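Asker: What TrEMBL lists as transmembrane segment is A:21-46, A:58-81, A:93-116, A:153-172, A:192-213, A:225-248, A:269-288, A:308-325, A:337-358, A:370-399.
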């Protein structure tokens with residue numbers, strides 16, 4: 001490979017660092033099409049199944065995109081924290097994705113709006129009669145409602161988004177400014193701030209997971225839930241980075257900069273995080289299963305009824321075992337196309353994971369409706385329209401953003417090191 | 001070596017075995033370049049030494065991909081298999097033991113051990129596999145004979161070509177190294193330092209072996225001797241659990257009872273059951289009282305019946321709407337269970353066939369007990385399901401009747417229903433027509449019937465013959 005030819009860094013205005021025209025042309029159509037699909041999906045679920053179903057499908061789509069975006073943010077932070085050299089050529093892809101936290105803040109507004117319109121449209125605790133109907137002791141209600149109240153929930157959400165938008169903007173701005181100036185000080189500053197940023201990230205992500213997903217089942221609690229969300233998040237982010245980089249390369253950008261070595265590393269991380277996700281989700285399950293205390297088993301009990309148990313087994317077999325075996329071999333990881341295929345596959349499975357996490361709450365409930373399947377064909381169509389629409393919308397925004405920047409952090413002091421990187 | 005090259009050594013030098021040729025390089029780049037030259041020259045038995053891991057050196061030296069991942073994989077697969085088999089064998093086969101109410105083979109509980117053992121054996125595979133592939137442990141390496149080689153852990157890079165290489169030619173290799181910019185090109189010679197283990201190491205080893213025997217000797221002595229001093233408890237609360245047993249007292253509660261009675265008005269988790277299932281009484285209507293109220297009413301009723309005697313119980317019996325049908329699904333497995341439970345609890349009085357002549361009855365008859373009341377035959381028409389509904393039969397098993405005690409404490413509700421089903425089968429068996437037997441099985445039944453008839457006939461003939469013979473014979477001795 002590059003062993004005889006020394007590494008040549010192309011000039012900054014080279015075609016390889018610009019978003020290919022075929023992709024930038026997709027930006028606007030994706031934005032418009034995505035927005036329409038999202039709107040139709042939400043409307044279909046809202047009107048044809050139920051308000052709760054529509055909003056749950058919307059929340060599922062939101063959490064799917066949100067976890068990938070947050071994983072990308074973490075990817076950028078951890079590269080700076082560990083002063084990684086290998087990842088510089090693919091870091092901009094992650095940086096572009098993490099900026100999507102800004103449009104996601106806007107897309108969160110419908111979820112926030114459910115709290116102030118109607119009773120328990122999405123969250124069961126958002127209903128004045130919920131606690132009494134569920135026969136929950138006054139003392140517990142007093143403790144719970146202190147945290148799970150509409151106002152405090154909104155304040156927390158605003159705070160989380162403020163932190164994330166700030167972090168994403170700071171790291172994106174520093175990095176893109178460096179493209180122009182090439183000053184090394186920007187890298188030093190980003191490295192210095194990555195430590196506090198990771199701490200702020202982990203705290204806020206955990207609590208956001210508690211607030212937005214775990215509180216769908218208000219009496220259930222798992223301190224591991226934040227880590228569970230994070231595990232799916234970091235896994236899907238690595239997949240999205242690998243898939244995004246591969247797409248860029250297939251359209252002609254970064255042809256010589258990203259090599260098989262980078263796919264090999266991304267493949268290793270995907271392999272590792274597939275097991276990390278399994279480890280975390282099983283740990284959460286096993287403690288609750290072994291303790292077998294009704295307050296704690298409720299969440300898993302609901303997910304072991306009817307269709308949900310099938311989804312649970314799909315997750316075991318197809319979210320863990322298949323990709324675990326599939327990405328184990330070095331020969332797979334060193335073939336960019338196979339890494340791309342596995343990355344896309346895991347991104348699909350990640351949707352199953354999020355769906356299984358959120359959608360059972362749209363029906364179940366110890367005191368709610370009977371267990372039912374996924375709202376029929378209309379429910380499935382509405383859920384898929386929501387997620388495809390939101391993802392397309394965000395990809396469109398990413399492409400719009402990418403036309404204004406380079407697709408790699410070309411003047412990062414470690415850019416040459418990253419290009420010359422070898423695994424073996 | 002140039003420093004040590006003295007007149008006396010030149011003689012022994014030529015006798016020493018040459019292992020190969022080595023050269024020094026000052027940077028990674030020159031080392032990698034030299035590696036590629038050596039590889040392209042066709043040498044395969046080569047090695048490079050650096051103070052840190054150098055990516056890309058495998059390819060530069062032309063080293064084939066290692067089989068180490070496969071060894072690690074085999075280790076991991078062995079680990080998961082051994083762990084699962086071990087736990088299944090231990091917990092479900094060799095010593096079946098219920099832990100936390102989980103099944104004997106309870107996969108989620110086995111996974112942590114399986115995971116750990118997978119990691120352990122995969123790591124062992126990688127670590128010891130690496131040893132094996134590198135020919136380790138090796139206490140001495142000819143490279144160490146070169147005093148300059150110490151700097152390989154500091155700031156110098158070495159390249160080595162083994163003399164066992166097919167293309168090895170000392171002068172050629174030295175020339176190649178010089179071309180690549182190698183410095184201090186030396187031959188690597190046999191290590192002639194003494195191979196004898198220093199005596200102080202042997203002494204230290206023997207002493208540690210001797211010392212390690214002492215604890216074993218102490219344990220062995222304690223196992224065969226008596227001691228008057230009390231046993232030493234390392235974990236006192238594990239030897240003497242503070243948990244109370246049933247019927248023990250405690251000072252924690254005012255009533256001094258360690259076993260806590262149920263809190264009035266509550267039902268323990270898992271104890272709420274369909275009332276008609278546990279009583280045999282059908283629910284009266286859909287707006288019947290809530291299960292808890294029903295249960296309380298029922299308990300009060302049965303309490304009353306205890307205090308006021310049989311009369312109250314009788315009135316309950318008479319006015320009750322009994323379940324007509326067995327609430328459990330009646331199939332072969334239920335009947336088998338019922339047969340087994342009937343055999344254990346009922347047959348001692350009622351007989352294996354339900355005819356009312358069990359072993360206890362036979363014994364009582366033999367002793368001519370005047371207070372003995374004959375157990376009912378279950379084949380009376382008044383006990384058939386049209387006159388004596390399933391629910392009533394269930395209730396009789398549960399609460400007892402006349403001299404028969406209630407079996408609620410001994411037989412679980414679902415097993416009592418199995419017995420009910422089996423009793424119905426017994427009753428059916430006395431009145432069954434051939435039409436009830438499936439077509440396919442009739443032939444074998446007919447055959448069996450013919451066999452039995454034939455045998456009975458033969459036995460009867462034989463008895464007749466014998467009787468005839470004894471008649472014939474009897475006059476003789478007389």
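In case you wondered, yes, glycine gets a Cβ from its N, Cα and C as well.
Burial and contacts for the listed features, if you can.
Answerer: Sequence-distant neighbours of the transmembrane segment (A:58-81) (same chain, 6+ residues past either end, Cβ-Cβ under 8 Å): 38, 41-42, 45, 87-88, 91, 94-95, 97-98, 100-101, 104, 107-108, 110-111, 122, 164, 167-168, 171, 187, 190-191, 193-195, 197-198, 201, 205, 212-213, 229-230, 232-238, 240-241, 347, 350-351, 354-355, 357-359, 383, 386-387, 389-391, 394.
Below 8 angstroms of C-beta separation, residues 42, 55, 58-59, 62, 65-66, 68-70, 72-73, 75-76, 79, 122-123, 126, 150, 153-154, 157, 161, 164-165, 168-169, 171-172, 175-176, 212, 237, 240-241, 244-245, 248, 390, 393-394, 397-398, 401-402, 405, 407, 409 of the same chain, each at least six residues beyond the ends of the transmembrane segment (A:93-116), sit close to that stretch.
When Cβ-Cβ distances below 8 Å are used as the criterion, the transmembrane segment (A:153-172) is approached by residues 70, 73, 76-77, 80, 95-96, 98-99, 101-102, 104-105, 108, 112, 115, 190, 193, 197, 200-201, 204, 207-208, 211-212 of the same chain, each at least six residues removed from its ends.
Listed by sequence, the residues of this chain that lie at least six past the ends of the transmembrane segment (A:192-213) yet keep a Cβ under 8 A from its Cβ atoms are 59, 63, 70, 73-74, 77-78, 80-81, 111, 153, 156-157, 159-160, 163-164, 167, 170-171, 225-230, 233, 357-358.
Within the chain, the transmembrane segment (A:269-288) has long-range Cβ neighbours (under 8 A, six or more residues past its boundaries) at 222, 224-225, 227-228, 231-232, 234-235, 238-239, 242, 296-297, 299-300, 315, 319-320, 323-324, 327-328, 333, 339, 342-343, 346, 353.
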Asker: Hey, which bits of the same chain come close to the transmembrane segment (A:370-399), Cβ under 8 Å, at least six residues off its ends?
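Answerer: Hits for the transmembrane segment (A:370-399): 19, 23-24, 26-42, 44-45, 48-50, 53-54, 57-58, 60-62, 64-65, 69, 96-97, 99-100, 103-104, 107, 302, 305-308, 351, 355, 359-360, 362-364.
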